[in-house]
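The domain 'ABC transmembrane type-2' annotation in TrEMBL covers A:35-263. Marked as transmembrane segment by TrEMBL: A:35-55, A:67-93, A:114-139, A:151-174, A:181-200, A:242-260.
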Amino acid sequence: MTTTAETSRSRPLGLVRHSAVLAKRSLVKTKRSPGYLINGVMTPVIFLVLFLYLFGGAVSGSTDSYLQYLFPGILVMTTSLSGMLATGLNLNIDVKKGIFDRFRSLPIDRAAPLLGSVAADVVRYVVAVVILFGIGYALGFRVQSDPLSTLAAVMLAVVFGFCLSWVTVFLGVLVRDEGAVLAFSFVAFLPLVLGTSLSAPVDTLPGWLRAWANVNPVTHAMDACRALLNGGAVGDTVTQTLIWSAVLLVIFCPLAVLAYQRRE
Amino acid sequence: MDFAFQAEGLVKRFGKKTALSGLDLAATAGTVLGVLGPNGAGKTTAIRILATLMRPDEGRAVVGGFDVVTHPSRVRRLIGLTGQYATVDEELTAFENLVMVGQLLDMRKAEAGSRADELLRQFDLQEAGKQRASVLSGGMRRRLDLAVSLVGRPQIVFLDEPTTGLDPGRREDLWRLVRTMTAEGVTVLLTTQYLEEADALADHICVIDEGRAIADGTPADLKQIVGGQAIVVRPVDPQQTDVAVDVLEQVAGRRAEPVDRGVVTVPVDDDRVLPEVIQRLAAADIRLAEFSLRLPSLDEAFFALTGRSKEARR
Ligand SMILES: Nc1ncnc2c1ncn2[C@@H]1O[C@H](COP(=O)(O)OP(=O)(O)OP(=O)(O)O)[C@@H](O)[C@H]1O
Ligand SMILES: [Mg+2]
């Protein structure tokens with residue numbers, strides 16, 4: 001009889017390899033049923049079109065200049081929304097479908113299913129962002145800065161979405177009901193993504209909303225992307241976004257892994 | 001003795017409900033332990049503890065020489081688990097499911113692929129190989145689940161009601177597979193609700209109820225207690241059921257149990273009492289609609305072991 005125990009000890013980087021195998025699984029599933037991915041792009045696009053033609057004239061005088069203002073925020077909305085939905089929900093479904101038990105009975109690191117799923121998310125964000133840029137360009141959005149800043153904006157949005165996703169990962173593992181995860185994501189979506197500089201500059205907002213938008217990390221991410229794509233002054237927005245991302249990651253990633261390990 | 005796995009005094013509570021209350025289980029290497037028990041007896045809970053999916057509240061379990069609580073990852077290298085409910089990814093094909101698990105077990109892709117083909121052939125699932133698991137029939141999914149748990153050629157295999165949902169032919173296939181595995185030195189723990197299945201496969205049977213063992217021994221030992229076979233009698237006239245019960249109890253020397261719709265059963269050691277039963281029933285002028293000899297059911301075994309009928313247990 002060949003024993004797997006021997007082969008496994010002779011192959012290094014288990015966590016990375018196992019996470020990659022599980023990320024591939026997740027992507028194969030997205031390819032077969034791309035509903036969530038499409039949903040994750042369409043929701044921001046609907047907001048984009050809605051805001052553009054509803055407020056464009058009022059806020060910026062013309063839809064063209066408003067599109068330049070709006071698009072970077074929609075970019076962050078796309079990655080945040082995908083982050084809030086995908087992994088938390090997928091993991092929750094895995095637990096319920098029982099495949100979670102399969103993973104847990106295998107000699108793999110308990111973090112591998114989480115990392116695999118989140119890594120697949122990053123690929124999904126990139127696909128979503130590419131589609132979004134396509135639609136943005138079709139509507140008339142043009143990057144005003146250089147390719148490097150564009151890349152930085154995209155990466156910042158993806159990193160932010162990735163770090164934010166650990167909140168719902170934690171929730172997806174903690175809560176039994178997938179409806180609850182979904183409900184949380186939608187409830188959190190409103191203040192988190194809309195209570196920002198998304199549709200109008202923060203100083204034009206009413207006082208209470210301004211106070212919230214100013215502390216909301218999503219605002220920083222949107223401001224940073226706007227500056228990077230439109231060539232404005234970046235200021236400390238990028239640093240703020242990165243600090244917030246790190247904070248979210250450092251708190252919720254260990255919590256999620258712990259909750260995943262604890263579940264029976 | 002050298003145990004492949006051994007659990008002592010397992011206790012597991014879910015809130016107020018005590019699922020296991022001091023269960024002991026053990027099997028020597030290369031044997032089959034049959035765990036027999038009705039719904040809610042604690043079979044699944046026991047398997048989940050042995051397979052490191054749950055921690056016991058009290059007691060300890062050692063699998064392949066490693067403690068399940070302190071060295072779960074060492075245990076996971078040695079075991080294969082087929083849970084009561086399928087644990088395959090429904091959106092992947094049968095082949096992809098097998099390859100994924102192979103790769104998670106550190107096989108290289110080619111190796112995982114050939115192992116997957118081998119298992120698909122062994123479980124007669126070649127056609128299903130390219131189909132998503134979600135479209136497979138219940139029995140096929142069950143077989144796929146079994147195949148997945150054997151990818152890594154585990155030395156210790158836990159099967160939670162593995163034949164539930166399989167047709168009789170497939171069930172025999174599974175029995176054959178279990179025998180082949182044990183011949184190669186694999187140790188198997190198998191839970192079942194069928195005495196017949198435990199009798200056919202197990203070297204040792206543990207009957208559990210309400211989280212503890214109520215009987216334990218070889219199939220032969222158990223038959224000593226519960227009777228090797230059971231006589232089933234159904235009088236044409238349901239009014240005569242009570243008389244039939246008296247006759248059967250006198251002949252068999254055990255308590256007879258009236259089950260549903262005027263059917264009476266009594267465990268017997270062997271078929272030698274049959275002529276006498278027929279004679280006495282005829283003498284009592286009882287006409288029979290049904291008369292047969294079969295292995296006792298789990299309910300009858302329970303009745304013999306605990307003196308409580310199925311209804312009384314509820
Ligand atoms: N996660 C859980 N939460 C609460 N109660 C549970 C849980 N798992 C099992 N139980 C309870 O523990 C008891 C034993 O359950 P278990 O699933 O081990 O029984 P079983 O012998 O496998 O039954 P079956 O033949 O129906 O599969 C049952 O009363 C069940 O309701
Ligand atoms: Mg069970």
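One-based numbering along the chain as shown.
Keep in mind that glycine also has a Cβ here, set from the backbone N, Cα and C atoms.
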For the transmembrane segment (A:242-260), sequence-distant contacts whose Cβ falls under 8 Å of one of its Cβ atoms, 6 or more beyond its ends: 91, 110-111, 113-114, 156, 159-160, 162-164, 166-167, 169-170, 173-174, 217, 220-221
Positions whose Cβ lies under 8 angstroms from the transmembrane segment (A:35-55), at least six residues beyond its ends: 63, 66-67, 70-71, 74, 77-78, 81-82, 85-86, 89, 124, 127-128, 131-132, 135-136, 139, 198-200
Candidates A:67-93, A:114-139, A:151-174; stretch with most C-beta pairs under 8 Å toward the transmembrane segment (A:181-200): A:67-93
